[in-house]
Structures are given as structure tokens and as C-alpha cells.
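In what follows, a single structure is set out as C-alpha cells and then discussed.
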Amino acid sequence: MSKLDLTKYGILNATEIIHNPSYEFLFEEETKAGLEGFEKGQLTELGAVNVMTGVYTGRSPKDKFFVMDDTTKNTIWWTSDEYKNDNKPVTPEAWKSIKKLAVEQLSGKRLFVVDTFCGANESSRLKIRFIMEVAWQAHFVKNMFIRPTEEELANYGEPDFVVMTASKAKVENYKELGLNSETAVVFNLTEKVQVILNTWYGGEMKKGMFSYMNYLLPLRGMASMHCSANTSMDEKETAIFFGLSGTGKTTLSTDPKRKLIGDDEHGWDKDGIFNFEGGCYAKVINLSRENEPDIYNAIRRNALLENVTVDAAGKIDFGDKSVTENTRVSYPIYHIENIVKPVSKAGHAKKVIFLSADAFGVLPPVSILTPEQTKYYFLSGFTAKLAGTERGITEPTPTFSACFGAAFLSLHPTKYAEELVKKMEMVGATAYLVNTGWNGTGKRISIKDTRGIIDAILDGSIDKAPTKAIPFFDFKVPTALPGVDPNILDPRDTYADAAEWTTKAKDLAERFIKNFVKFTGNDAGKALVAAGPKL
């Protein structure tokens, strides 16, 4: 048994502490006989284990809270009546009760403790310790965070932040504590502790630490970004891909012709781009070996599937969304062949790509943005929310999520826009808005065409292509690109009647204008209105 002392966190009488277990040990633990309910993992034909997470098959943003105290009162971007977000306050008194529930659930149990790093740069990385009673949850964080070397573990010392996952505990008295339900995902930034109660969804542990990095890094003059990143084989040409869940971040950055830095969370400092994570968390609904070979091949022993349909013999049906559209796999980043080694970081990004899945069929498949448009569309963060990444959403609905990640922003959105644009201006980077959604055919733009567009951005051929302007939005769009169907580049050409595009375009332009009002409270925001759509 580990000599680790958990009493300093209030956890008493642990019957056994398994500290930094190996993958082999976790595999035995999560598939052993006698496990019940959501603790149980099932071995699949691909060698990966599948687990189910119950009613929570996505994050639960309504249950996310920060303790409001002297640390956070004037720094957190709190939710308000006029501009709602997920940063809801909870009192220090309520926190005591919430933490007590987690501590009592974990006390007297056999526990897993996993020590990780968040952030690939030694100068800014955090030591995060996860404590849980469920083997597959330990496996999940081992996949998703940076795994310290033996030597780094020997000198690990005290963590910078502690996460207690107590999925079996419920908050019965949630109303009197000012919470939303029996489920709670609560951060205390003074104590540097996160508590997760009554949800089994793995993504809460991953995204919790993203919210914390999003709090710390911009205050230290770094950009903190909800994006994927890759670089050329010689590691000289870096690109970053912003986008909300389901817009193609993982798919498009996982490119056999380039090296992956990471698929979801990155920082940008004076030296370049660095990953926060040590793994990938890919959506696997309708996954096929043909369309996404790298992700498909990453699903093997030590990968962990979530909420995928698997029959008694272990056969996987990736097309079945009866449990959720938000089926996932986590795997250590080295399951992808082309990655930046040994540390997931590279130089400055010259190409910045905003991915938007437009359900209206209005946006061009690619637009070259001016610096002012870059700020405007970054703050707008438009996409159509795609099925199932949050509870209760199954049809595409338009959404504006500041900085392509409002759910994870702990500070005001303009802070992230400032840091990003500062870094872009420093290196002369260009931004492109890429629509991975629908057009006038009623079908989604093909992965083949989107990949052709990304190739043209990365190899620079888009910057030499002839262009035209698109009305209302004043987007500069190429009229021809190698390997891309020329008939889709102007979205009007995909409609049987271009007047239908005009009607839809006016509607979408109006939504952009209305949404942007919330950013016009200061001069910087007011100045950007001119870069947006005009009716």
C-alpha cells in the first residue's frame, strides 16, 4: 500500500491507496469480475475497454460552480442576468458541505491516486493530483493528462491542484446549498480543489482543469485556447484549429501529412504553442477506418471508449447513437503515429483556423479574414451546436460561444481575444473561417473537400488563389482551390435558387449583429462592430 497521506485532504481510513497505477493494473481492475453498474468495463474487439456513464453522457454545465471569495470575486467572469454563462457562484459555507460529501464518500475506501501534469511547458505546467474510487476514472486521467516520467514522479512533491471524483455521492440538500441538482462540479480556487459529485462522465475531469488553466494563463500574459494544433513534419509550420465540440478539431488536426501537437486545449506563450494534455478525447459516432484512419487505429489496448454500443462478444457498433450522439474515446497521444515528441509543443502558429459547423447553410466553406474580422468572429464563436455534447441537445441549433469555448472561459472573453491577437500580430499570422457544416444541397460539406481546404491553407495556395467578396459578411473567398469542388466555394452556387441563400444570410447576419451587442460595452468592442455583417 502506498504511504501517501490523504488525511491532509480530509480523506480518512483509506483501506488501500493505489498510487500511480500502471495501465496493466488498471486494465485488470476495470474488467475484473464482480464489478457492478458504471464501474464495470467491457473488453471490445479492438482491445480497448468500453464503459458506460449513465444519465450523464456529456458535461453538465448547469451544475458547474466556483466558490465566490476574495480570490475570485473580481477575477471570474460571473454569470449575470444580461449575459448568462456557466460560472455560477457558490458560498464558502456551501463549499464546506459539498467537499464534506466527497471526502466522506472517499473515506474508508480503496482509492486510486493519479499524479499528472497539465501543460507541456515546464515553466507553466501544473501538478494535478486526482483521487477517485473507480479504476476506469483513474485510467481516463492517465490517458488525458501528461504522464510524468519515473524521475518526475519521484520528485513530484505536493500538487498544485487536487481533484476529488466522487461519482457515487449525491447532493441531497442541493437547494439549500444554492446548487442546481444532486450533481455538482465545484471549484475552490483558494483551496485549489475541485470536487465532482454524482456524474460519471469522464470529460468533467478533463474540462475542469481546462477551466483552471483558462483562469491562470491569461493573467500571466499567455493565450489559453480551446483549439487543436499540428505542425509540419519539419516542425516549422504550426497551425491551430479553434472550434466547438463536433466541428472537426480532432478530425482535421489528426492529419497523416503533419505532426499532431494536441487535439483540444493549448497555450501560446513567448516560445510558441504547447498542449495542456497528454491524450486525445475524440468523438466516435459513425467512426470509420476509411474516413478517420488515425483515430480508428488509436482505439486499441489502453484506449478507453465511453458509451459506445458493444455486444456480448465485444463487437462495436460505432453507428449506434441509442445511448448518446456523444460517444467518445480517450487515448494517450502516442497512440497517434505522427506526433511531436518528446514534448507536445512547437513554434508560433502562422495559420489560425476557426471551424464553424453552420446548420443554416450560409457561410462559405472558407473565408480569409482581416485582422478586425479575426477579432469579431473569434469573440462571436459561431457554430450550430451539434447533437449530444451537452445533455438535452439533439438537433442542430445555432449557438454563439465566445472564443469558441465560452463554457470553459473563467475570465471575460475579451481577455482571451486580446491575448490571441497579440500573439498573432507578433508573428504575422492569418486567420481563416472554415465552415465544416452544411450548404444549399442540404448535405454536410464532405470531409474530402474540407481536408482539401485545410491543405490549401497550410501549404499557402489559398493566399495565391483568385478571390471574390460575399455580400452581407464581406468575406473574401477563393474561387478555386486545388482538390476542392469549385462549385461549393461560393455558398450561393449550392442553392437551386440563390434568393434562398440571401434570405438565410440576412437571418444569420442579424443573429451575429444581435449577439455582438454584449461585447460593445467598451471602446474595443464598439470598434469591432464595423468588421461584422451589415444588412
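Cβ from N, Cα, C; glycine included.
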Site co-member for Mn(2+) according to Swiss-Prot, given HIS226, ASP264, out of LYS192, LYS207, LYS236: LYS207
Substrate site partner of ARG59, TYR201, LYS207 (as recorded in Swiss-Prot), chosen from ARG328, ARG444, ARG451: ARG328
Conformational class of THR251 (ATP binding site) under the three-state DSSP mapping: helix
Can you list, in sequence order, the residues of the same chain other than LYS207, HIS226, ASP264 whose CB lies within 8 Å of the CB centroid of the Mn(2+) site? LYS206, PHE210, GLU265, GLY405, PHE408
For ARG328 (substrate binding site), the same-chain residues 6+ apart in sequence with C-beta under 8 angstroms from its C-beta are GLY202, GLY203, TYR281, ALA282, LYS283, VAL284, LEU305, GLU306, ASN307
Should LYS207 (substrate binding site) be counted as helix, strand, or coil on the basis of DSSP? helix
So among the binding-site residues ARG59, LYS207, HIS226, LYS249, who's got the most Cβ atoms within 10 Å? LYS249
Looking at the binding-site residues listed here (TYR201, SER245, THR251, ILE445), whose Cα lies nearest to that of HIS226 (Mn(2+) binding site)? SER245
From the binding-site residues ARG59, TYR201, ASP264, pick the residue whose C-alpha lies nearest to the C-alpha of SER245 (ATP binding site). ASP264
